[in-house]
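A.B. asks: Quick one: the structure is below, questions incoming.
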Amino acid sequence: MEKKIYFIEPVFEAKYWGGQALKERYGYTPDLPNIAIAYHVIALPQHNLDNTVKETGEKLSEFYKNHRELFGCNREDFPIRMGSGNKVKQISIQLHPNDEYCLQHEGERGKFECGIFVQGDRDHLAIRGHNAKTREEFRELVETEQWDKLFRVVTIKKGQYTYGPQGTLHGSPYAPTEEETDMVELGFETNSDITYRLYDWGRNMPNRPLHIEKVIDTVNIPDDQNMGVDIVEKDVDGCKVAYFIDKPGIFTAFRIRVDECGTFERKEFMFLFCIDGEAEINGTKIKKGETIFVPCDFGALTIKGKVELGGMTYRNL
């Protein structure tokens with residue numbers, strides 16, 4: 001298979017809490033009441049979430065299986081996902097279980113995630129972790145519904161990114177204010193869609209079940225250190241590059257900003273999503289809202305234009 005740049009077509013999902021900001025920001029036009037999540041990279045056919053590779057017409061899950069030489073990845077299952085989210089309602093308090101538990105009970109891996117705000121970035125409150133010291137104390141606070149005592153509310157500051165290992169309790173402590181409904185978060189995650197809800201603010205919606213016992217079984221104990229993390233950029237060959245996570249066997253997530261022209265290279269395959277602006281990358285034009293796939297061992301990318309890119313790859317263990 002030719003080692004060239006391929007375009008990845010997005011997949012959209014409407015949810016109870018989704019808004020209109022993704023349609024407005026990127027000009028997406030799906031026949032949906034809202035876009036809660038635009039998946040730029042996902043390969044979960046069992047959940048009907050699978051991108052299409054524009055040049056071949058293959059689903060991304062098939063493209064990965066059929067052209068492994070383009071990835072150089074030792075995982076049988078496709079390892080990563082990336083998507084933009086916009087919420088206008090309060091989301092549930094939830095977690096994503098670890099790989100061991102998830103594989104045993106759900107038949108797929110758990111989800112590790114981090115995210116940056118690409119629109120409407122401002123100081124805001126978030127639930128990140130909890131205040132229980134033992135699993136017994138966690139259970140007691142849940143059963144007695146002492147949510148204010150249990151949930152750990154932190155301030156995520158403007159310019160920070162969020163970091164969520166598997167088993168991290170997280171969610172919204174309040175419904176977004178009117179000005180906060182324009183916030184767009186770009187999420188970098190392992191390729192899973194398993195979520196356990198602990199508390200849904202009394203909504204009791206049939207399509208949003210709670211998983212209280214599973215949360216108690218899988219929540220990290222203790223979990224009182226998770227905070228927003230400052231973004232650190234380095235100048236590399238005309239690019240301003242910030243890495244968020246770079247862990248073999250999990251994923252590598254980064255952002256590239258270019259003002260005029262820069263060069264960027266990794267030996268691994270890459271997915272690059274255009275957060276803002278437009279550019280020409282080795283002769284291929286990309287604009288805001290588009291995603292490209294760059295095969296492994298492709299060589300240096302010459303990026304011409306004023307552009308901001310979110311990137312992901314996977315390093316073998």
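Note that Cβ sites are derived from N, Cα and C of the backbone, with glycine treated the same way.
Straight from TrEMBL, here's the annotation block:
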BINDING   H96, E113, H170  Zn(2+) binding site
ACT_SITE  R197  active site
DOMAIN    251-309  domain 'Mannose-6-phosphate isomerase cupin'
A.B. asks: Taking just the CA atoms, what is the gap between R197 (active site) and H96 (Zn(2+) binding site) in Å?
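C.D. replies: With the alpha carbons as reference points, the distance is 9 Å.
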A.B. asks: Look up H96 (Zn(2+) binding site) in the DSSP assignment and report helix, strand or coil.
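C.D. replies: H96 (Zn(2+) binding site) sits in coil per DSSP, no helix or strand.
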A.B. asks: Taking the domain 'Mannose-6-phosphate isomerase cupin' (251-309) alone, what is its mean pLDDT?
C.D. replies: 99
A.B. asks: Do any residues at least six apart in sequence from H170 (Zn(2+) binding site), in the same chain, have a Cβ closer than 8 Å to its Cβ, and if so which, in order?
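C.D. replies: Non-local contacts for H170 (Zn(2+) binding site): I93, Q94, L95, A126, I127, R128, G129, G164, N226.
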A.B. asks: Return the residue, from the listed recorded positions H96, R197, with the maximum count of other C-beta atoms within 10 angstroms of its C-beta.
C.D. replies: H96
A.B. asks: Including all protein chains displayed, how many Cβ atoms other than that of E113 (Zn(2+) binding site) lie within 10 Å of its Cβ?
C.D. replies: 21
A.B. asks: If you run through the domain 'Mannose-6-phosphate isomerase cupin' (251-309) with DSSP, how many residues end up as helix, strand and coil?
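C.D. replies: Summed over the domain 'Mannose-6-phosphate isomerase cupin' (251-309), the classes give 0 helix, 39 strand, 20 coil.
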A.B. asks: Neighbours of the Zn(2+) site H96, E113, H170: Cβ within 8 Å of the Cβ centroid, same chain, sequence order.
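C.D. replies: Output for this site, in sequence order: Q94, L95, K111, F112, G164, Q166, T168, E189, T195.
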